[in-house]
Amino acid sequence: MATKCTKCGPGYATPLEAMKGPREEIVYLPCIYRNTGIEAPDYLATVDVDPKSPHYSQVIHRLPMPHLKDELHHSGWNTCSSCFGDSTKSRDKLILPSIISSRIYVVDVGSEPRAPKLHKVIEPNEIHAKCNLGNLHTSHCLASGEVMISSLGDPQGNGKGGFVLLDGETFEVKGTWEKPGGEAPMGYDFWYQPRHNIMVSTEWAAPNVFKDGFNPAHVEAGLYGSHIHVWDWQRHEIIQTLQMKDGLIPLEIRFLHDPDATQGFVGCALSSNIQRFYKNEGGTWSVEKVIQVPSKKVKGWMLPEMPGLITDILLSLDDRFLYFSNWLHGDIRQYDISNPKKPRLTGQIFLGGSIVKGGSVQVLEDQELTCQPEPLVVKGKRVPGGPQMIQLSLDGKRLYVTTSLYSAWDKQFYPNLIREGSVMLQIDVDTANGGLKLNPNFLVDFGKEPLGPALAHELRYPGGDCSSDIWI
């Protein structure tokens, strides 16, 4: 059992202690209506994931936001394991930044975990006025008690990779984390490692570039990101920018969970590879490609070659396995990273995607598969789209999956997702030998929501997880 502590703060003392935490019973995830044709606000869904419950794999609560077309996306906490030593802190508020409207919602999940309620709304004009930032993405809680949220743009939608700071108690906007004028040219995700005085951040593109869909000409014009920015954690400034060789659109970035670690991984979406970043003996940082998913030559698609499009990555809490999703090819992969320089493929499962048999795309040349995968049918439902956001249980034995990336790109690449809504699936993980297997008894079909098909995105457990919590 996990260590009992009567005077500790939120989360767990170490990542390995977290692995001993209780099994997840509910999951929170934002559901989006922007670009679906349904004039309804985005909402936070609560899903029952307890196999013993009569409501297993059902949405048990919906909290609608008060505005339309926010595009909720990712979420974070008011406090987490970085404040484990502070008994005055309680993980009871979920932070929901909007990637399009730039509005921030603070949701009370502490009073009634199965029926969250809105606690506070931070309007875009306050973010714009105090920070000159917009289009907000990743939210992390800090050991200082503050909440830090990455931005992708300025108020006009130009690229600007800065960070909004909120007071973790009042949720007042305090200003920017970075020094004035010290932002990165583009933003997206970030992760910090205080023992080494380092933060790393990634790049998608300017909101004006990505917001209405993907244009390959924008890649040729250099409008999509290809860098990792290395920041001095104490001085709040960029100390190194790593240009990644063959690393287009670096999205999710993760240090190893071990707070002493000096390395981690980033998923590069368009170039469909995983790159390892690491600290050199001299104190500088470098990056190297360690996994490559080959593109497939195809017919009947927007381009002659289809990348895997790695859109989410996760590390198990014991830093043993790396997981990632290929949203276009349709598979999730599991790699043993005991040797981080040479990840070893240990599991793979196809969950839909763009190359299934009987679809509009014909694969002409494939370096990996001998035939196109079968469409995925779960509980009689043919699953539209491909695997996208992933979340691992604390013990590493269950992987939850959703299928929506971002509404405008869903509409472009998987129009049937807009018509049918996304789904939530669950994969059983073999942590002894490696391996992934679909749980045929679990399906949340967001195509059957009361107001019409919705696009469900990132997943969070009430007690924290392997992409929300950072240990210091």
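Just so you know, glycine gets a Cβ as well, placed from its N, Cα and C.
Annotation source Swiss-Prot lists N-acetylalanine at A2.
The number of other CB atoms found within 10 A of the CB of S111 (phosphoserine), across every protein chain shown, is 10. In the three-state DSSP assignment, the secondary structure recorded for S111 (phosphoserine) is coil. The feature phosphoserine is assigned by Swiss-Prot to S111 (among others).
The Cβ of S467 (phosphoserine) lies under 8 Å from the Cβ of E252, R254, L314, Q391, each on the same chain and at least six residues away in sequence. The phosphoserine annotation in Swiss-Prot covers S467 (among others) and rests on similarity to another entry.
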